[in-house]
Amino acid sequence: MLFQYFWTFCLRILVFLSIPLLYESLNIFKSPLDSLERKYGSFSEDLRLQMVQEAKKMFYFGYDNYMIHAFPLDELNPILCSGRGPDYDNPSNININDILGDYCLTLVDSLDTLAIIGNVTAFQEAVTEVVRTVNFDKDNVVQVFEVNIRIIGALLSAHLLMMDPKQPFGDLKPSWYDGELLHLAHDLASRLLPAFELSPTGIPFPRVNLRRGLPPHSVSETCTAGAGSLVLEFGLLSRLLGDPVYEGYARRANKVLWNSRSKSTGLLGNVIDSKSGEWLGRLSGLGAGLDSFYEYLLKSYIMFGEPDDYKMFSEAYNTIKMYMRRGRPHCNKGSGDHPLYVNVDMLSGAVHTSWIDSLQAAFAGIQVLHGDVEEAICVHALYYALWKVYGVLPERWDWQRLSADVAFYPLRPELVESTYLLYQATKSPFYLHVGREILESLNNYTRTKCGYATVHSVVDKSLEDRMESFFLSETCKYLYLLFDKDNYVNKNFGRFVFSTEGHLFPIDAVFRNKIWQNGGGPNVDYVTNATCEAVDAERTYFLPIKSRYLVQISKTLGLQEY
């Protein structure tokens, strides 16, 4: 079968052996453990169970305060203990209005986290509130991408979890439920269609008015990720409804973007004009503006089994490594600088900027899903070191000046996500320690009277009064799953896909079929024995990256110690 379907998340890459067996079967511990191996080499069961509770408390502190102080508004202001909705006084404030549309955003975005944590009562109450309160007939201009990943993705995930006949998270489905969340997702997606229908290129306009369609004099400048990260949610919606329209528009956008890549390098830019199809931004990288485009090529293949998705991803991945990767050739052997993926010019492949951004921390997770675990280990190690330098992760970091280029941290989940996925792939206790440090830093620096706040400056730890919805839908979710090893998701890890907003979608044969076509879709069976390139045994047990390379990173960044 094609490519042996890497989408089993490499669960068979590594087998975590006990320490006594290591001494008997491996001849690698002749010398005493160094300080880093001693620090990261074990994680007690009592501590793991404690961290499960700490992660759960973190989620509930944010969620409960939102419901008390902010609901039905979209977000919580955790310092003033109040709610936040669209900025009607300043329609041009896209930092707020692209995301907030007066649709109970944080509640909707949190639905599947409640299910995964196992709180059936709170989940059912939340579903009831969503059905009773949420209405998309609003005269608000919102961003297509954000509404899709946060709202449509959340509604579809919660619907699928309720309709699962196995009910692995408990009896989630209220007795009265009759597909209301699916209907809401359908209604919202239909309101986004003018962005596609009125585009002369097939690349969607970035914003729509939920009531009136495409706003007059609409801006046509859109980022690659925004236009090309719709296929997972739109594809699921189409296959649940039996209506090809939504998936068709999403796939058309992806194809147009893909065919617009540079003929000389194969790279894509970060900003494109949806009217003309011309590139407005030539930066090519792995962070903001491009990140989830690559992510969704791979995850769409995992979910739907469409060979073209993986073909595009594989070609893009090889091009990325050819032009963006710097440093020594191998993560865990040889000499040279620590591996780094830089931003380059899409036409020439030359270095474009000297900064990387925090969204790029998610790329290690994509590499895990692709089977390139060795490379993922090194990408993650750099961002973990940056977290240790600042206590949180700066939005941008300049690798020439070795300083924060953009200093705020809005509670982003990308490093936590990659930490979780790498733990699932390696079972190394190193990643449990990383998760514990992240959780403790969030409590130390971002917790307020009524929730968790954005860090205005990673340097002085000053705060901004905003808790974005992804903190509950992603950051808290991944922290909880990292420590809850017995969770159904972790016991059946290869049977789920997380969206770019952290929403849980079950991999199901039914989604391999396009019911509007005779004969269905690709004939792809669920694969349980796929293998990925193995990580050397000597680093499976204590440190996934060798101590000397951690020391190298710490010296480069000015860390006193790990």
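Counting begins at 1 with the first residue displayed.
From the backbone N, Cα and C atoms, a Cβ is placed for every residue, glycine too.
Model, not experiment: these values are computed from the prediction.
If you look up TrEMBL, you'll see Glu146, Glu395 marked as active site, proton donor. The active site annotation in TrEMBL covers Asp291, Glu414. The Ca(2+) binding site annotation in TrEMBL covers Thr500.
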Quick check for the class: what is the C-alpha distance, in angstrom and rounded, between Glu146 (active site, proton donor) and Thr500 (Ca(2+) binding site)? 10
Among the active-site residues Glu146, Glu395, Glu414, which residue has the largest number of other Cβ atoms within 10 Å of its own Cβ? Glu414
If I restrict to non-local contacts, at least six residues apart, and a C-beta distance under 8 angstroms, what lies near Asp291 (active site) in its own chain? Ala225, Leu359, Gln360, Ala362, Phe363, Thr500
Rounded distance in angstrom between the Cα atoms of Glu395 (active site, proton donor) and Glu414 (active site): 11
